[in-house]
Structures are given as structure tokens and as C-alpha cells.
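Here the structure comes first, spelled out in C-alpha cells, and everything after it is commentary.
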């Protein structure tokens, strides 16, 4: 017998071939003994010959799709490019902060250190140091202890820094405003009072954190939705602390409020003579810091749909904290350290400034403010500085 195409083997007489592993049989309409083979796709696996089932949320099908297997769990690793840059910046910042603090301690009784307000200067340095430290807590492997420390220190470093700066700028503002009205010094301008005010501002942040602990105890979760890709082989579960984006912003919200308030006072005191205070460097610090955080917000919330959301948000937050701390350290302390180390001849004792000098400066500020509208910017301010003797 001759078969078509000169075949020597007897042709098979079947309407359907057996399905491969991971495929189910789908009956052909009108032909009950025949079927089509249909692949169990996505996160489905072959349950039996005729049906596929969806794996649970924390599982994915194995390579031959005969069963489900756990989705691998990942976290932000120390060697990841997302972590290397923030850690490098934090290490540099910590070294610089320790160096500045050691310099201030060594030259604690010199005029420059005393004039900077030693008490609040050390408080501010502590806040800057904590801003750098939070980077390591944000990248460390999440567990209950790490998540607890994250909640405490996430906003604490910024809160300490801006509470100290706000207290400084508020003191400057009150002194010169009072000097316009009378020769009586305003209340609560002594170092002890300044520390008490700063402590109260910091206590509000800590109170909020402890309430957060009571309402929602710290815990870890594995987020399987963040990196659940179309291809199951690339799916990952992300181990992280149980902290939402809103909770992060709320934790930072009080510090941002202090920052904005401090910026307002820095603007109000921008015309005060430089010889009397640190208003100008504090102002530059706050303006730059506001720009940093204005850039942070859209990046942080603009990654909500990204598969690398955790990595981008963590890196952005850490870099923003590092930059904020570096701006304060660089503008408020590095110039002083430079003078202390390289120009000790400028680190000399001057006569103690009396409140009368402040009253004189405030009065001249009021009189010269009427001239600024028809004179070039800075001319009236220059005259003010020339007419005031800070040692009077």
C-alpha cells in the first residue's frame, strides 16, 4: 500500500495529541473526544488535566508549571547601587561632624566657639549627626528593632537641628524687635532658657513618635505587590518595615514645619548687622534646605507605580537627609573651624556686647528702612553696619 508523500509508516489516526507539562486540555466544541492544549499562563499552574489554578499571592508557578513555589524575598542590599551613594555621603558627613565637634570641644573656651552659642551649637551638631546615622537604619535589614529605631530617628535628627536653629533665629528676632521699643532685654534669651525651649520643641516630636508606637506597633511585612511583574520568574517579595508613605511624611512633617518657621524668621532677620548674629548664614542654610526638600517631595511620591519604588524612595530620602545635614554643617560650622585652625589670630576676645548696642542697631534699622525704597539694595544695610559699633 502506498501512503501519501511516499511515507512508509502507517499514519496515526487521532484528533488530538497529548498535552505537554504545564498545559491543560480544552475540549473542542462538538467533538467530545478531542481537545486543544492551552498553556497555564501568568501565575497559574496545572492543577489537573483539564484545569489551571492561580497560585496564592506569595507563590509563583515552578518552571514546568506543575505546582507553586514561594516567591523569593529581597531587601535593599548594602552593595546595591541604590545604597552605595547614600552610605558614602553619610560616612563623609559623620567624619566631618565628628571632626567639627572635636574641634569645638578642644577650643571650647575660645571666643569664636563662645560667640556661636556653645549650648545650641552642640545640640545642632547632635541633630546633624543623627541625620547622617538614619541612612544606616534605612538600609539595614528590617526587623522589629530596626523598624523601631527608624520610627524614632527618622524625624528626630531634623527636629533637633531645626529646633535649635529656630530657637536661635527667634532669639535674634525678639532681641532686635524689643530693641526698637525699649532698652529692656526680652525674656528667655539666656543659654538655659534657649536649651529649655529647644528641649520642649524636641519633646513634641518624641511624643508623636510614642503615640505612633501605641497606636501602630512597629512590625515587618513582605510586600508582594511592589515587584509582582508580568513574568512570574521575575517576581520578588520586598521585606520592609510596616510604614506607609503617609506615615513617613507625617513623621517628617513636624520637622518640616520647624524648618519653614525657621526660614520665616531667617527672612525677618536678614537685615540685622552681621556683627551681631548668625542670621545670614542661617538664612542661606534654610533657603538651600527648602530647595532640597521641595525637590524631594515629587521624586518620593512620583515613584508610586515603579517596580523599584522602595529603592528609589529610600535612596531619595537618605540623600535628602544627608544634603540637609551637609548644608547646615558646611554653612554654619566649616567657616568657624577654618578660622579656628588656619587663622587663630582672628579668634580673639572682644568686648562683651551690651543690650544698648542692640537697641542702637535696632533704632538705626528702623530709621534706615525708610531709605531702602529709593536707594540701591544693600546700601542702607552697609550704612547701618558702618554706624553700629558691636563692642559698644
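Numbers run from 1 along the shown chain.
Positions of Cβ are set from backbone N, Cα and C atoms, glycine also.
What TrEMBL annotates here:
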TRANSMEM  82-108  transmembrane segment
DOMAIN    82-356  domain 'G-protein coupled receptors family 3 profile'
TRANSMEM  120-140  transmembrane segment
TRANSMEM  152-173  transmembrane segment
TRANSMEM  194-215  transmembrane segment
TRANSMEM  246-267  transmembrane segment
TRANSMEM  279-301  transmembrane segment
TRANSMEM  321-343  transmembrane segment
REGION    369-392  region 'Disordered'
COMPBIAS  371-384  compositional bias 'Basic and acidic residues'
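Only pairs six or more apart in sequence are counted, and the transmembrane segment (82-108) with the transmembrane segment (194-215) gives fewer than three Cβ pairs under 8 Å, not enough to call it a contact. For the transmembrane segment (120-140), the partner stretch with the most Cβ pairs below 8 Å, chosen from 194-215, 246-267, 279-301, 321-343, is 321-343.
Long-range contacts of the transmembrane segment (152-173) within the same chain: residues 117, 120, 123-124, 126-134, 137, 189, 194, 197-198, 201-202, 205-206, 209, 248, 251-256, 258-259, 261-262, 265-266, 268-269, 272, 276-279, 282, 285-286, 321, 324-325, 328, each at least 6 residues beyond the stretch ends and with a Cβ under 8 Å from a Cβ of the stretch. With a threshold of 8 Å between CB atoms, the same-chain residues lying at least 6 positions outside the transmembrane segment (321-343) that come near it are 86, 89-90, 93, 96-97, 99-100, 103-104, 107, 110, 112-113, 116, 121, 124-125, 128, 131-132, 134-135, 157-158, 161, 165, 278, 281-282, 284-285, 288-289, 292-293.
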